[in-house]
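**Student:** Sharing a structure below in structure tokens format, with a few things to ask.
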Amino acid sequence: MAKQGSKEKKGYPELKEVIKATCKIRVGPGKETLTEGNCLWALKTIDFIFEDLKTEPWTITKMYTVWDRLKGLTPEETSKREFASLQATLACIMCSQMGMKPETVQAAKGIISMKEGLHENKEAKGEKVEQLYPNLEKHREVYPIVNLQAGGRSWKAVESVVFQQLQTVAMQHGLVSEDFERQLAYYATTWTSKDILEVLAMMPGNRAQKELIQGKLNEEAERWVRQNPPGPNVLTVDQIMGVGQTNQQASQANMDQARQICLQWVITALRSVRHMSHRPGNPMLVKQKNTESYEDFIARLLEAIDAEPVTDPIKTYLKVTLSYTNASTDCQKQMDRTLGTRVQQATVEEKMQACRDVGSEGFKMQLLAQALRPQGKAGQKGVNQKCYNCGKPGHLARQCRQGIICHHCGKRGHMQKDCRQKKQQGKQQEGATCGAVRAPYVVTEAPPKIEIKVGTRWKKLLVDTGADKTIVTSHDMSGIPKGRIILQGIGGIIEGEKWEQVHLQYKDKIIRGTIVVLATSPVEVLGRDNMRELGIGLIMANLEEKKIPSTRVRLKEGCKGPHIAQWPLTQEKLEGLKEIVDRLEKEGKVGRAPPHWTCNTPIFCIKKKSGKWRMLIDFRELNKQTEDLAEAQLGLPHPGGLQRKKHVTILDIGDAYFTIPLYEPYRQYTCFTMLSPNNLGPCVRYYWKVLPQGWKLSPAVYQFTMQKILRGWIEEHPMIQFGIYMDDIYIGSDLGLEEHRGIVNELASYIAQYGFMLPEDKRQEGYPAKWLGFELHPEKWKFQKHTLPEITEGPITLNKLQKLVGDLVWRQSLIGKSIPNILKLMEGDRALQSERYIESIHVREWEACRQKLKEMEGNYYDEEKDIYGQLDWGNKAIEYIVFQEKGKPLWVNVVHSIKNLSQAQQIIKAAQKLTQEVIIRTGKIPWILLPGREEDWILELQMGNINWMPSFWSCYKGSVRWKKRNVIAEVVPGPTYYTDGGKKNGRGSLGYITSTGEKFRIHEEGTNQQLELRAIEEACKQGPEKMNIVTDSRYAYEFMLRNWDEEVIRNPIQARIMELVHNKEKIGVHWVPGHKGIPQNEEIDRYISEIFLAKEGRGILQKRAEDAGYDLICPQEISIPAGQVKRIAIDLKINLKKDQWAMIGTKSSFANKGVFVQGGIIDSGYQGTIQVVIYNSNNKEVVIPQGRKFAQLILMPLIHEELEPWGETRKTERGEQGFGSTGMYWIENIPLAEEEHNKWHQDAVSLHLEFGIPRTAAEDIVQQCDVCQENKMPSTLRGSNKRGIDHWQVDYTHYEDKIILVWVETNSGLIYAERVKGETGQEFRVQTMKWYAMFAPKSLQSDNGPAFVAESTQLLMKYLGIEHTTGIPWNPQSQALVERTHQTLKNTLEKLIPMFNAFESALAGTLITLNIKRKGGLGTSPMDIFIFNKEQQRIQQQSKSKQEKIRFCYYRTRKRGHPGEWQGPTQVLWGGDGAIVVKDRGTDRYLVIANKDVKFIPPPKEIQKE
């Protein structure tokens, strides 16, 4: 007893964590779990029953022993209830001991039963658990079916470790996850079918998922039975599922196929349920929202469950289960209170009864009253129960004598599941109101039907505003027969009987109307002919949002909606608008806006040709403030991408926009105002409930909505070709005529359920069919308008010309001809009423297009055949044709020429567009046919002229673009142009001289061949229709006479020459050898070889011969403050002759006003930008307007004299060796120093050392430099840090909008900088590799920026062997040197940027200035110091290696651990970290000696012989 007392006191501490885990297992389907007391009671009871096991520790072995003994007990030895509780609690403790986590007690019992109870090895029952399960703790085999050595097979139970691993995966990732599927497929390869299904059933998981898995397995079994009729060698479903088999029988080889099929079924079921769980409509994801009523939640849930492709029993189970588990907490509590323990088995109707008031104010007050009410006595059942059917306490709704109420129709006597109207979900009775608009309308059935008495019979007729006639299938012969009548509608052309004066009655309204009797009609229709007489109107705005989903739209961030006042309207327009708005309000399309909706959009109206008013809304401001939606449809469908079909039908959706609801929170921004005439009353404000016309998102919302509605229907009909663009629907098929019309009829009925109507008069059945501006025929397609209007010579406005060209461009897919002259005519004045003049060339172009449109016909796409695209040159454009058979184009098109692209590049651009069109319209990659020869295109690709080629291409001999018949090698009447071009005096020049005395020359860069061709091009530009060209270039001469029909153009100059020559009447081309004494040829050669006065830019004007200078133009408006100087850069670069220099002077008109030019000398050969320095001597500000002549450039002859010494007779007081006290002629170096400084802006020390001028003269040069004075740097040096050879600092700096990465070597001051794309780690690591390759650094200092401290950066530094340290950002002590370098770099860069075209070039020039041109105190640059340090390192390393190469030592050897005598000295042959190798002279052997037995000595000195 003492032991027992201690046991009770301790409370089984070794099982503390096990008991804690056991307390999380639920007792049943509710939330009640096991307690610690339950576990202690079970353990104590077991100790009491089995005293021989009491002293043993609670291991898994003991638990299995106790479990075996409990199974041997009979219930009579203890009470049945306590025995069952004891066994169940022990099973839970055993599962927790093994690390398993069953959800319920029942699941725990199943797991233990599977692990022990399924074993059929009865001989091992009495053995210990370790012997029975040798692999319980660590498993070596996972297969229950094992091959015996003696032959045959045996069965072995699934091991607990395997089961535990599967259970863990199921709990962590889910029962239908891919991870669980892979694990199960791995372990279950040789399991029996029974093992597979039992393990799957015992896995933790959602009960609904398990039911779905079971349903999928049943479907697989049914499919097996259908596909495999019973036979002698056919497996049955029972054999596959392991029903009625022992484990030994199921493990035999003849059942391998059955096991594999069973495993395949299970994997398929898991995948199916997993895919279902990922779908948006998955019912298990449908959960009740906090603000949602339980009825709305159930409606969404039932809709999702009904859409699931599962059997009815599974749907029933899902409805019963998910209606409770997915409900909100309040509803679950209410159902628990009302339905008690049977809440899981209660029907959906009972749960709806229980929760119908949840969330209402009364419900909240009821909960509050219950919370404040004192608790009643125990045992008073039913006192607080209340019937939600009659409201009386004491009984539940299902016990109410008044009868249960249906929550669908509201009538008593039946439940919702038995309601007859349930199948007509969404239908309402006549006179009901639509939930979204609350507007009365005739019928809300889908499709809408009403009861009408026709003759003597009552019939249900479909209300169809698109039908002209009323059609019935039978008639009682009342009325007046009018013979046969032919109708054309959705069923094609049909014939019926017409009856007039027929008695028609709707409610109390009776009329005499006309009907058509058509026995074959699938539906009886009430047409427009009788609807108006009966007073029936069908509203097209079906705003029931449960049917048509609304698309969410909203304003842009920060916008408040439009607030534009309504402008005044005339009385006539107000009356027209009132009539329209009243009709819209009656139909529920607009509603009265509340006072707090303050937004407003102006409205107005125009009168149509018919005399009716049309309402227009100015949505421009609202469109600006509204967020855009994605484009639902990126373009029009094209008939060339349609497949040929036997039957086609074109449908048109009536009132498409007005059928779709507008997103309700957005409606407040669509308000508009109806004014009151003369302000006799308050204005009436309305808002839109449907998609309004003119709103920018109406097309996108409409298209997205139709996509949602039609997606399922299209998937169910894969045999048809379906197309939709806005409200136009195309249906094509190869089915029979009746079947095709049946599908069309089905679609009409389907979309009619959503309120969309298809007007009968807009339906087109069969060919020819008009669709989206195209006319479809059985074998071809055309445009609806086959002809273009004619144009005649004479004036035409730009507006009319644009409309004509727009009509042509729309039809280019059948015309395929370019109109360059007409397009050029559209250039110039953009005013719409500006006039152009049509000439004969324009008329000819237009007529060619009109003729092509008449002749061309498009064909349909055949998916069995390949598609080809053939490109060819047109008139200043590229034309291509897409076809599958020669002569039968699908479509054609034109790509107009693009400037600055060669012909080859333009063809490739057109090929890219062609390929894109074909892929979009057919989904295939076309085979491209290019004009010319394959080797030419391959050469273009290799030369880099083009960078893309089609995937599949070949060549054909294209049509001739340029003709050579007007180029001959004979003299033609007309002037002669002597052309020449080439590199003259280091510069490219070209020009020509004519026989009439005209001259032309320009400077231009290029090769000699290019310049020769350019000279011919300029001559062709200026020459008349007939002319002669003389050249000394054999290359240019042969090119002009080449056979251009087969030539693929290789450069743009040749292409331009061909185009110019093509427009000439006749050209004679002649060649003369150069430098052979031909006067005209030598003259043109001399002419372009001269260095002539040339200018670039628009900042200078030509002068008259008598003028002194050339006027310079002010580039922009300049303001000069009083007494200030301003430097103005003008748009001018000038190239002076050798014997010229120039001076910039003041204009007299400016000098009179006190504005002067401060000098300016331009040396001969200067080619930089011209700058003018202006000084304002006035005491007030002066403004120089743009374009004003404000200075003049004066050319001066250059006079140069050689300086000679004064001679011996001349004396000077300043020195004995000539001019200057230094005795050197340094004065000659000052201009050179100034010129060098203007290039690089180096410091005075550098100039002093490089040019040998005095320090003061060098400082004067720097001080007189305006650029250096403006960008003068501060001289304060802030902070410092580690400096040394090969130690660098790095940091980013910004110059304007550019990012520069700057490195500086701390010892020499050498700078390395690169412009980078961003401050990213990847960019920094790329630049690090470049930096390392050039400088081989050893250490680096940076701040803590993310690019520098990234893990990848640290790994790179470690890989390169660079010691990387980081400092503190913004701390001058940490990054002093690189921060100083930033300032130096940017100041120098600012000086050099005007001298370079590219920023990268200016940056490179800055590095030259700072690294090479900048000299230190000892006359060395940073580059000199860096190179010197590297050379010293090399010398030291070489010396060190030589010293370490030969070493000598004394050594001793050991015998049995005892050291011997020292021997030596001798040379070390090899040295390692712990030992050396020497050669023993006595034995002539190589010995390995440990370093502890070695004494190194200096090498012996050589004794010099006397």
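Note: Cβ is positioned from N, Cα and C throughout, glycine not excepted.
Annotations for this protein, taken from Swiss-Prot, read as follows:
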DNA_BIND  1447-1499  DNA-binding region
ACT_SITE  Asp464  active site, protease
BINDING   Asp652, Asp727, Asp728  Mg(2+) 1 binding site
BINDING   Asp980, Glu1012, Asp1032, Asp1085  Mg(2+) 2 binding site
BINDING   His1237, His1241, Cys1265, Cys1268  Zn(2+) binding site
BINDING   Asp1291, Asp1343, Glu1379  Mg(2+) 3 binding site
DOMAIN    1270-1430  domain 'Integrase catalytic'
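Relative to the rest of the structure, where do these features sit?
**Tutor:** Assigned with DSSP, the residues of the DNA-binding region (1447-1499) fall into helix, strand and coil as follows: 3 helix, 31 strand, 19 coil.
If you take the C-beta of Asp728 (Mg(2+) 1 binding site) and look for same-chain residues 6 or more apart in sequence within under 8 angstroms, you find Ile650, Leu651, Asp652, Ile653, Trp771, Leu772. Secondary structure at Asp728 (Mg(2+) 1 binding site), as computed by DSSP, is strand.
Neighbour count (other Cβ atoms within 10 Å of the Cβ, all protein chains): 29 for Asp980 (Mg(2+) 2 binding site).
Annotation for His1237 (Zn(2+) binding site): same-chain Cβ neighbours under 8 Å, separated by at least 6 residues, are Leu1247, Ile1261, Val1262, Cys1265.
DSSP gives Asp1291 (Mg(2+) 3 binding site) a strand state.
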**Student:** How many whole Å apart are the CA atoms of Asp1032 (Mg(2+) 2 binding site) and Cys1268 (Zn(2+) binding site)?
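**Tutor:** About 51 Å separate the Cα atoms of these two residues.
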**Student:** If you count the other Cβ atoms within 10 Å of each Cβ, which of the binding-site residues Cys1265, Cys1268 comes out on top?
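**Tutor:** In terms of Cβ crowding, the pick is Cys1268.
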**Student:** Considering Cα atoms only, can you say which of Asp727, His1241, Cys1268, Asp1291, Glu1379 is the nearest neighbour of Asp980 (Mg(2+) 2 binding site) among these binding-site residues?
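**Tutor:** Considering only the listed binding-site residues, the nearest one is His1241.
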**Student:** What does the structure give for the C-alpha distance between Cys1268 (Zn(2+) binding site) and Glu1379 (Mg(2+) 3 binding site)? Integer Å is fine.
**Tutor:** 20
**Student:** Cα of Asp1291 (Mg(2+) 3 binding site) to Cα of Asp1085 (Mg(2+) 2 binding site): how many Å, rounded?
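**Tutor:** That comes out at 56 Å between the alpha carbons.
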**Student:** Looking at the binding-site residues Asp727, His1241, Asp1343, which has the shortest Cα distance to Asp1085 (Mg(2+) 2 binding site)?
**Tutor:** His1241
**Student:** So among the binding-site residues Asp727, Glu1012, Asp1032, Asp1085, Asp1343, who's got the most Cβ atoms within 10 Å?
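**Tutor:** Compared across Asp727, Glu1012, Asp1032, Asp1085, Asp1343, the most Cβ atoms within 10 Å surround Glu1012.
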**Student:** Find the average pLDDT over the DNA-binding region (1447-1499) in the predicted model and report it.
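**Tutor:** Averaging the confidence scores along the DNA-binding region (1447-1499) gives 87.
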**Student:** Which of the binding-site residues Asp727, Glu1012, His1241 has its Cα nearest to the Cα of Asp1343 (Mg(2+) 3 binding site)?
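**Tutor:** Closest candidate to Asp1343 (Mg(2+) 3 binding site), judged by Cα separation, is His1241.
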**Student:** His1241 (Zn(2+) binding site) has how many other Cβ neighbours within 10 Å of its own Cβ?
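**Tutor:** The answer is 23.
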**Student:** At the level of the C-alpha atoms, what whole-angstrom distance separates Glu1012 (Mg(2+) 2 binding site) and Asp727 (Mg(2+) 1 binding site)?
**Tutor:** 62
